Amino acid sequence: MNAYYEQDADLGYLQGKNIAILGYGSQGHAHALNLKESGLNVCVGLRPDSSSCDRAREAGLQVNTVAEAVKWADIVMVLLPDQYQKAIYETEIAPNLQPGNTLAFAHGFNIHYNQIVPDKSVNVIMIAPKSPGHLVRRTYTQGNGVPCLIAVHQDATGEARQQALAWAKGLGGTKAGVIETTFKNETETDLFGEQAVLCGGSAELIKAGFETLVEAGYPEELAYFECMHELKLIVDLYYEGGLSRMNFSVSDTAEYGGMTRGPRVITPAVKAEMKKILEEVQDGRFAKEFIDECNGGYKNLNRLRAENSGHAIEKVGSKLRDMMSWLIKK
């Protein structure tokens, strides 16, 4: 895959255009402030009763309702939760889009699964920073940026790709590198990673390790330290230098034990289940299940949240984290 940098992007494709950022959460505040400080004309679209209105105004941003922001804008970036985008698109975005406008996203879920089907007269693009919003913002203020993905779903004006690259540049992304992909590939890999590794797989691995030690008679505190707390040390090594950096940094005992016992935990059967999970993402079964869950009032999700919050690892973890003065309590 090719990477694009500063010389490959031209902010001129966004200059003189009105840009609306819908949402002012983690990504929304970073997009709005970075683009504004890159010299672009930005407003934020929010519900009138949103708690984010005051924060956005205090940051020097113009704030409108979603409908007003879209009507004013040439380019609209939708940074709202996936489950709310369809309804807001149908009631407040679509009626106010004009031919030649650009509709932008930071994640492809609603476009890829046809929850949102824009008119062919508008550009549809994606700019997806591969970092949380606070890091997108912080690196920009330091004169750097984070890697970004871009994609084009519809090019009505012939400038969609150039606009996506320019947006990434406005965020600071071209200083790190921008990779072009598709809505399909971004969406499917993102969902799979969350489910099988980042949020689903890792959480279940942690709980299983904790339970194994506790059921064998070891104190919950030690089980927490070994299976939850110390994971950050290892993940930081992965983050900085991959698997090799981790293996180089740990003891020979840990390296040998991990290499010989790890495959007994993540067996071919686990990988086979991962493939099933990927298939559910690819064929839309997961998307339908999630949409039905949202429409049904989150009954299953709320039950699962309650079960997880009541797990023993959460109770002992809360006590142990109180001992860690360096942690910011939330």
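Here the Cβ of each residue, glycine as well, is placed from N, Cα and C on the backbone.
Given the structure is predicted, the values throughout are model-derived calculations rather than measurements.
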Of the candidates GLY108, GLY133, GLY143, the one that Swiss-Prot places in the NADP(+) site of TYR24, GLY25, SER26, GLN27, ARG47, SER50, SER52, ASP82, GLN83, TYR84, GLN85: GLY133
Determine, to the nearest whole angstrom, how far the Cα atom of GLU230 (Mg(2+) 2 binding site) is from the Cα atom of SER251 (substrate binding site). 14
What is the interatomic distance between the Cα atoms of TYR24 (NADP(+) binding site) and GLU194 (Mg(2+) 1 binding site), given in whole Å? 23
What is the three-state DSSP composition of the domain 'KARI C-terminal knotted' (182-327), stated as helix, strand and coil residue counts? 121 helix, 0 strand, 25 coil
Just to confirm: which same-chain residues, 6+ apart in sequence, have a Cβ under 8 Å from the Cβ of GLN85 (NADP(+) binding site)? VAL78, PHE109, ASN110, GLN115, ILE116
Relative to the Cα of ASP190 (Mg(2+) 2 binding site), which of the recorded positions SER26, ARG47, GLN83, HIS107, SER251 have a Cα no more than 10 Å away? HIS107
Measuring C-alpha to C-alpha, could you say which of the recorded positions SER26, ARG47, SER52, HIS107, GLU226, SER251 are within 10 Å of GLU194 (Mg(2+) 1 binding site)? none
Distance from HIS107 (active site) back to ARG47 (NADP(+) binding site), taken between C-alpha atoms, in Å: 21
